[in-house]
Structure formats: C-alpha cells, structure tokens
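The following features are taken from TrEMBL:
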| type | residues | note |
| --- | --- | --- |
| SIGNAL | A:1-20 | signal peptide |
| TRANSMEM | A:369-387 | transmembrane segment |
| TRANSMEM | A:416-434 | transmembrane segment |
| TRANSMEM | A:484-514 | transmembrane segment |
| TRANSMEM | A:546-566 | transmembrane segment |
| TRANSMEM | A:578-606 | transmembrane segment |
| TRANSMEM | A:618-635 | transmembrane segment |
Amino acid sequence: MKHLLIAALALAMTSSLARAQEAPIQAILQAQSALIMENSRRTIAPVIAAVSGSGLPQAQDVLQAWQGKKLWQRTTDGLFFRAEKADGATYNLYDFDTRDASGSAPVSDLEQIKPNSGIRALIGSALVQFQLQDADPKRRLAALTSVQRNPSADVLEPLRGSIAAENDPMIRAMKVRAERLLTIAYDADEAARIKAISEMSGDLGVDVRATLNPLLVTRRAVFVGAPPATLNIAEILEPGTSIEVTKAYDMLVEADLAPPRVTEAQVRSALAENAEGGRVGGIPIRQLDDPDMRLRAYAALAAAGSVPPAPGAAQIAQALKAHSIADIYLEPSRIVTDAVSEALGTIALTVGLNQTIDLVLDGLSLTSIYFLAAIGLAITFGVMGVINMAHGEFIMMGAYTGYVVQQIIPNHTASILVAIPVAFAVTFAAGVVMERLVIRWLYNRPLETLLATFGVSIALQQLAKNIFGTQARPLTSPAWLDGALVINDVVAISFIRIAIFVLAVFFLGVYLFIMRRTRLGLETRAVTQNPRMASSMGINLNKVNMLTFGLGSGIAGVAGVAIGLFAKVTSELGSDYIVQSFMTVVVGGVGNIWGTLAGAAMIGFLQKGIEWFNPSNTLAAQTFMIVFIIIFIQFRPRGIIALKGRAAGD
Amino acid sequence: MSTLLEVSDVTVSFDGFRAINNLSFHIGPAEMRAIIGPNGAGKTTFMDIVTGKTKPDKGRVIWGARRLSLLGLSEARIAREGIGRKFQKPTVFEDQSVQENLLMALKNRRGPLSVLFYRPMAAHLARVAALAEEIGLADQLQRKAGELSHGQKQWLEIGMLLAQEPKLLLVDEPAAGMTPAEREHTTNILVEAAKTRAVVVVEHDMEFVRRLGCKVTVLHEGSVLAEGSLDHVTADKEVIDVYLGR
Amino acid sequence: MQSAFQKRGASTVIFLTLLVAFTLLVTVLSEGMGIGVISTSFVKTLGKTLCLALVAISMDLVWGYAGILSLGHFAFFGLGGYMIGMWLMYERTREIVVSSLADAPIPPTAQEVSDAIANQIFGVVGSADFPLIWVFADSLLAQLMLVVLVPGVLAGVFGWLAFRSRVAGVYLSILTQAMTLALSLYLFQNDNGLRGNNGLSGLQNLPGLAEVSQALVSVWFLWGAALALGLGYLLAVWVVSGKFGSVLRGIRDDEARVRFLGYPVETYKLVLFTGTACMAGIAGALYYPQAGIINPAEMAPIASIYLAVWVAIGGRGRLYGAVIGAAFVSLVSSWFTGGQAPNVPLGVYTIKWVDWWLVVLGLSFVLVTLFAPKGIGGLFDLLERRTAPDRHGADLGPDQGALREKEASE
C-alpha cells in the first residue's frame, strides 16, 4: 500500500514535471496554489505579478477568467481550469495552456476561486498591459480610455511597455500623451516628472490641466512656532492680511491650541441667561443696547465665574503670534510643485490667447446678429430717415412666419429654405402697407413717425400675443446646424452662428448690390438726397419710397427667421432688439452701410468684452454698453462713419 | 478808420470742395458793404463762418476793438457780441405774435434765469411799438407771425434784427420777393442803420445794390475777385466774365 | 405778452376750479372721509391718475413747448418713486424689526437692528448688508431731497452731454430711450442694491401711521397729488406764458434762429430738461406710495413712450391737453384691461377687451397722429370755432419738433 502510494506520488511528480515543460502557465498556478486559495487582498500581489510577468500569451486568459470568477480548481488533482457551466451540476473545463476543452466535472469535484473586489481591481490593473497590447485596436482603445479615466501608478509601466509595439499611429499618439500625463502624476523619478511637465506645458488640453492642478492642492495647517522646513510650503498666511484674524484664531481653537472665542451671539445669550432682577453683571438690562456695555457685563459675569472668559484682542494677537498657519502642498517635492506652477502659468497664457480668439469669434457672431437686426433699419432709417419703431415687430413677424411654415412643412431644412423667402414676402407686404397708410403722410415729421409707428408696434405685438399666445414658440433649426466647429478645448463656434454670419455677409452683399447696381438703388439715393429734383427727373417718389421701405422691412423679416433659430420666438422678440438696432445705426453713422457694420461690430464686441470681465451678469454688460454708447455719441454725434459737409444737413 | 470785423486768410472745404479759399475781408464800425457774386461763390458760407455756424479749416476772424477771435465761440455768444443775421428765407417764429417775436429779439439779458423772471416793462413795449412802426407792422402786433405775408415777414425779421441792436448786420438777400415800393423802404432802413453800425448786404439785384450806394465786394470761387464802388467793379473785365456776362 | 397770459388765464382758472371740485367730490364720495360710494382702491387709482397728469405736464413742457421728444421722463418718474420708496421701506421695516426685537431679553444694539432690517429687505436678493446708496434711507428729509436731486442730476448730466454735442430731434429721442433702457436694465440687476426685479414693496404702509386705515391714507394722497398737480400746473403756466415760454417755443420751431438771436439754446434745453425731470420725480414720489410697489419693469422704455402718447392724444403744447390725455388714456386703459369692459360677441369670435385693448389703443394712436394732431385738446378749439389757418402744408418751423400745420392757431 505504501509502495503504491509512493509510486503514485512519483507518477504525479513526474507528470507535474512534464507539465512544467509542456504546460508552463499551469505550473505557475500550481506553484502559487496556496496563495491563490488563500484569496486575500494582502497576499495575492506576488501571484498576479508571477502570472502577468510570465510573458506567456495565456497569462491574459488566466487573469481574465480569474477576474470574471471563472477560475476553478479541480479538487481531485489540484489543477486549475477555466470552467463554464454545462448543465445542472456539471461544468465544462478548459485547459489554460492548450486553450482546449478538457472534459467536464461535477461541481462537487470543483472549487470556484471568488476574488473579492480588491483582488479584482489588482487583476484589472495587471490585465491592462495585455489589453493595451491586444490585437484588436478597439480593445486597445477601450483599455486606454479606462486608463485615462482611472489613472493610477500601477498602469504607468504597462502603458509604457505597450507604446513600442503600437502600430496604430492615432492610438500610439494617445498612448504617448497618456504616458506623459501618468508620468507627471505618478512616476517615482522626480527628473522624469519634471521633464514630462515641461514637455506638456503650453498644451491646451483639459486633461493636462486636470493632471497638473491636483499637484498644487494644498491643505491648511496650524503649527506651533514656524512650520517645519521639511514640508513643501505653498504660503505662510499672515493673520489680518491674507487670512482674517477671526478665521485664523478659529483655526487655533479647532486645533485645541487656544481657548474659544466668544461671539456676539454667544455674549447676548449668555447675558440673557444670567439676567437677574433686571441687571446682568451689575449693569441694568436696558443699557445693554450698547455693545461696550454688553462686553462689560460679560466680563463681570466671567469674573464671577458664571461664564467662560472671552479672550481679548491682545490675547488673540498673542496666540496668533505664537503659532503659524500655512498652506502646505500635498505633493512633497518642491521642484515638482515649482515646475507645475510654471507649466500652469504657461498654459494659462496659451489659454488666455485662445480665449481671446474665442472672444473675438463670439463678438463676431454677436456683430452679425446685430447687423442682421439693424440692416433693415439701415435702409428705412439710415437711407430714408424714417424712424420705424415697428421694425422690431417686423423681425418678430418674420420669426413667427418661420414658425408657421414649420408647422406646414415638417422637414426642418426645407422649411427654413421656404421660410426665408416667405418671411421676406410677408414683411415686405406689411412694410408696404404701413408705408402707404401711415408713414408717407409723415415724411418730414420724424418725431410723429416715431410715435405713430410705436402705435403700430404695440398693436402688432398685442395681435401676435392674441394669435400665438404668450408662451415661446419653437423655431427648430435643421439638424446639420446643430453642433459646433471645435477648434481646440477652448475655441469652438456653433454652426448656427456661422450660418448667421454667412447670412449677414449675404445681406450686406444684397444691400450693396441693390443700392449700387440697380435702378431702385439709384432712384432711392436720388430721392433721399433731393426728392424734388428726383421727382422732376421723372422718378416716381411714391413707388420708390414704397419699395425701399418694403425692402428694409423684408430684410427685417428674414433677420427674424435667423434670430428665431437661436432665440425664443415670442411677441416681445422684436422689442428686445429695437433699441440696440437703432443704436447700431446711430453709432455707425446714418446713411452708410459700412457705418452700420462698424456700429454692429462696436456694439457686439463691446458687449462681449464687458461680459468677459463679468461673465455672470449679462444685464450689467448691456447697461455698461449703452452707457458707453451714450458717451460715445457725445464725441461723435454723427457716428463712426460720418457724412461731412453741408450735405449732411443741419 | 478802425476795423470792426477782420477776416483774414480763411479757408473752408466740404469733402474736398473749397467753398472759401483764402478769403480776407474787413469792415469798419459804421460802414455799408454789399457782397455780390455768382451762385456758389461762398457768400452764404462766409456769413456762416462769421456767425459761428461753420468752423473754418484755417484763418482768423477778429472782432471789435478788443480784437476778440470769433473762432470757437458759439453762435449765441457771437450774436450777443453784436452780430445780427438775417437769413435768405424769412425766418420768424411763426407760432408767436409779432410782439412776442420782437420782444424776444429786444436787446436784454439772454440767460435762462433772467428770462424766466423777465416781465416786459413799459419802455420795452414802447420800443417794440416804435420798431413795429418803423417796419410798418404797428397794427399787426397781436397777429401770429405765421399769418403775415412774405414781405411782412421780411420786415419783421429786419425789425427783430434792429431790436437786437447789433454792431454788425449781416443781411442775406433782403429784397427777394419784394415789391418795388417795399424795396425802397428796405433800402432806406438799411442806409439809416449803416449810419450807426456796419451792414453787410448780400444781394443779386444790381439795381438794389446801386441804390445802397456803397462799396461792393465781388466774391468768386471763395475769394475776393474785386472790391470798390459799384461802377468800378462792374467795369472790371474779370467780373464781367465770371458774373455779369456781357 | 399780457394777452398770452390772459389767454392761458381763463383755462388755468377753469382747470384749477375743476381740480378742486374733483378733489372735494372724491373726498365726499370716498370710504375714508365720506359716504363710501367710491372704493378705496378707486380713490387710489384717481390719486395715481393725478400724479400721471403731473408727469404728463412735465412731458408736455419738454415736448409740446420745447420740441424735445424725451423718452426718458418716465424713468425720472420711477427714480422719484424709488427714492421715496427707500425711506418708506426702511422705516416700515425698522418699525417691524424694533417691535419684534422689543420682546428680546437683552435690548438690541443699533448694529443688530440695522442687520435685521437689512436682512429683511435684502434677504430676497441673497444679501444681508445695506448697500451704500441706502445711507440716507433713515432720513425722510434726505430722501425727499433725493426725490428731486437724483432725477435732476441724472437729467442734468445726460442733458449736458447730449445738448452740448447738439444731439437733437430723433437722435435725442433714441438716446433718451437708450438711457431709459440702460437704467431699467441696471435696476433689474439683483446686486444693484435696489432689490433687482423684486423692486420695493409695501410702500402703501406709512411708517408711524400703522393704525390709520388705507381708506384715509388714500384720501390724503389724493389731496397731496391734487395739490402737487395744481402747483405744477401753475408753475408750468407761469414758465410758458412769459418770455421764457417764447424762447422755448422758438427753440421748438426754429432752434437755429433762437441761437442767432443770442440765446444759449443748450442752456435753456438743459434747464428745462432738468427741471421737468425733477417735476417727474416728484410725481413719481407721490404715485408709488399709492401703487404700493415699484419695480424696474415700470421704467422700461415703453412707459416713457406711453407718456408721449398721452400727451399727444391730449394735445401737445397746451398744458390742459397733457392732463386730459394722461387722465383719459390711463383711466380708459385700466377700465379696458381691468376686465370691466363688456366683451363683444361676434358669433364666431368674442372680442375680449383685455386682449384687444392694446390693438385698439395702438391703432387709435396712429389715427390721432395722422388726422388729429391737436388731440383731444383740439375739441376745445372746435368749441371756440378756432381753426388752423391753411398754410399750404407748411409747418411752423424747420425743426423736427416744430408745430405742424394742423396744430397752428390764429
């Protein structure tokens, strides 16, 4: 029996020896079997290192199976397998080395290895190096994304190791970038970190800043005497200048280094509690509306021992003098924090530059909005001198036309393309009707025109409210106008703004073409310069005025469609733009389209510029902008581009 | 003879067009002067410069014994200095009565406070009545100026000008649209006025200028072409070429 | 000159008589002091209307007499309201705070009272400190002076800038409108120290007079408003009937001519603009305690245009016209928009006046501008058989603010 046993053992040993040559991964597992079965977060690390460091192609399979709780041990011979449930209590076993099925076993002969979440995380980190070298680029990318999302010191080496073999240039670049960032954050070698920091400084990516910023995180601590020089000190705080005295003292109190302060509220309640017979601490209660008397009463109470004494100003100052408060970098290395500060400075500069570009783009798009809103006015007010307070309502009419068209034509692209000419036609007609009925009787009476068109404006606004209700109506832009042109992490411009810019340029062209190249433009200019002369030359004044006014109104309608795409379409849409539109024309210089453009640019950029100083408050930006314009007009009453000479009229 | 108004080397241009080109002109304290010249010669612009409506690009405009520069002064200040102007088209305050028009023009303090507390005294009303007599509107004092005839408005404006008691009168085509009898009267008023003050008359009508019987300045393209008696300038060949024709 | 004053004399006597009769009648019919036929809220409406008439007079002075179409006078009105509102709200809150702290075991210090008031007033905009501009809020006298000073200084600075650079006509109108917009946008900000879009509220409660009923207070305010209107009217008559009035009308019709007469036109405009702004401020200070609440929406540019509309509908360039316009339009508006006007069923569609009144008002305003520039005041000319002389389409002067042909009278 004994012999038999020895023989069997010898057999097993020879077989395991044989296995060590033909089944290397199983050999490693066998060697670590005890630790694997112990299944403890504390002792498992060498096992994982042994498997993942084996250089065997099957290591990844083992780790994946292990992590996925599919690693089983056959109790009969202690071998490890990947097991899949076949049916009932039977499992199919797969050999790791050969990756072949190797029969099945009842569950009673098997023991599942159930790694806890800590172990699974360790396995996961170990797996990364395999995933980063996976043959499938999609998996490599997924692994890289997970590294970027959960950066840790462990993945740095695997990541480095995977770069050399990477053949996809895009993934390679991403890996290099991730490797640099991980180096900054986790590399043990200070010189390597600093090299990486200086390499990445000036990079605009949010990820760079997200890596660098945590390195400058500080904690605020109190020290008796001066803070120890071994710490990486960011700033020593001066009570009274860089930190409020009360706050500083409260920190001492919190650290049990000083007796607590007594607040005014505490004084009051202590006094109230200790009131006896109309007096507190010997002072009549009615005199306690004076803060000095309160302190005296409290001092009396403290002297009597009924309340804790309040530290006086001198005491507080002394306590603060004996201690120091400092912000300490969590990152211990001074060189690293200095390098990070410098890199962040460089990045801030680059970001600032790009923000300026972004601001310019924003200003440009606001300019085109104002220009679009004002270009109709540039014709009716600038060229004809007619103050049309209902101009804003024509813009609104255009926006509602767009809305109605969208109700009929559901396709957004088609409906916008239809809405633009329809809006032009509708507001053109409205403009012609208004010119015929109201304005032409008031041509040399601009103030009366202002008031009469204001009457039209309130009537139209209320009419819109009656028809469409008070809630905002959506004017949806086509899908291809959604999204933005992203240039980098800072600079982006939405397609809809580009479209509005294009539209503004287009209408500038239309205006120039009509005014300079067509009969109508010639006649309009003639009529505005000298109506009597124009009329005696055979120009039909009525017709020219009517068409010009209609043109200006029609353009307002088209502007309405454009504005409706990004603003809420309500009956008040127009009145939001009317003052700015008039300002645009007046600031630019009446009677000159380039002036209107300059005016729109000035107002647009000014508003964006002021908003930049105080981003939370667009109302303030508008207020300051208008005040600025009022002052500007004092110095250039005729606008940026002024007509000169006697022709300008007095 | 001392000089009341001295304009020297004045140039003004509108969008590159030189309306006044190195113009020099001076007039004494009690002198009548007629300015003639073709359209666009710069007659009205000249008046605009003197009254402060237009600022010249260069040159000097010196006023009175104190040799005050008029450049940079406001129109109202120049008017208060004693320069009165009558426009080509009669400009009176049409919504107000003849009396109100004259009272407003009457030489008095012009500041808002003194005007606010001003109530016409008998002497002022008498002066207004006398002026109205002089311009033939004595029985029209309470009528609105807007209802007067064209000629009457011209008179009223001349009356307002006299009420201001200016040292220098600038009169732009006073006789336009007047009947011969009215012209006669206008001539008399101007000649009378010129005895105590300087009067500059811009006029196209040669007959009217002849009646004034004064020195004549001919303007052409913004500068003085000729100066002298009417007979002298009408004999000038250049003047005949550019203005009078043959 | 004498005759001009006499002409206005008759209308002034009639106006003042009517004003006194109206005030007495409302007092007799009121709940507070009379037989209670008129509700307190309607007494307030009438009192507010008198204030609107006062601000309309100031508008008529600048626009009707001097031709300056200011679209900022309602902003000055609102500023006056804010100034008095600050005192009302401060004192009223102080009363409440003091009485609630009176029961505290320890009497409050001045700082605690002040903090509690600030917390009460500014808690709604997330602040608990008094902004600098409230430094005078505890003094009635100071705030009463600010009622005149703040609009006056704003109008003075704005007017000085604008008139100095010869901004006139529609440009000035647009500029004043921009000023009004800037002011209302500023007031809309929560951190401006005037409670942002919440405005000031509870202004109907007079400090120290908690036990006096609103019915009585409303009559007091009616008297105050009537007195202010009467005095304002007399002042306006005095200003426009003399030579100052001549100069103003001269500026309206032909500014350049006035200048060549030696009058410093800019100074006149500035004096008038500033003075009427102060007048508007006083009107506002009487209006908002009756309204009970003031917020920035009241001062939007549109309110100032409405003011011009009232004056135009009443008939500009005549002081009683402004009063009639303001009273008529504001009362009719509140009747129609208050839901009292009966709906008009048209079979398929029922006209609800709440929805359609603004349409009617807007269109009727166009009609008045086109066909009846004299406004309602023109009816009195019809009674007197005064007609505008045929001037062949010529206005009374070259300026934009000049009277129109149809506004002329013999």
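Glycine residues also receive a Cβ, built from the backbone N, Cα and C atoms like all the rest.
The transmembrane segment (A:484-514) makes no contact with the transmembrane segment (A:618-635), as judged by fewer than three Cβ pairs under 8 Å among residues 6 or more apart in sequence. Residues 380, 388, 390, 394, 397-399, 401-402, 405-406, 409, 453, 456, 477-478, 546-547, 549-558, 560-561, 565 of the same chain lie 6+ residues outside the transmembrane segment (A:416-434) yet bring a C-beta within less than 8 angstroms of a C-beta in it. With respect to Cβ pairs under 8 Å, the transmembrane segment (A:369-387) is most closely packed against A:578-606, considering the stretches A:546-566, A:578-606, A:618-635. Within the same chain, residues 360, 363-371, 373-375, 377-378, 381-383, 385, 389, 391-392, 508, 511-512, 515, 528, 625-626, 628-629, 632-633, 638-643 sit at least 6 positions outside the transmembrane segment (A:578-606) and bring their C-beta atoms closer than 8 Å to a C-beta of that stretch.
Nonlocal intrachain contacts for the transmembrane segment (A:546-566), taken as residues 6+ away from its ends with a CB within less than 8 angstroms of a stretch CB, comprise 369, 372-373, 375-380, 383-384, 386, 388, 391, 394-403, 416, 419-420, 423-432, 434-436, 439-440, 475, 477, 481, 496-497, 499-500, 503, 507, 510-511, 514, 520, 524, 527, 573-574, 577.
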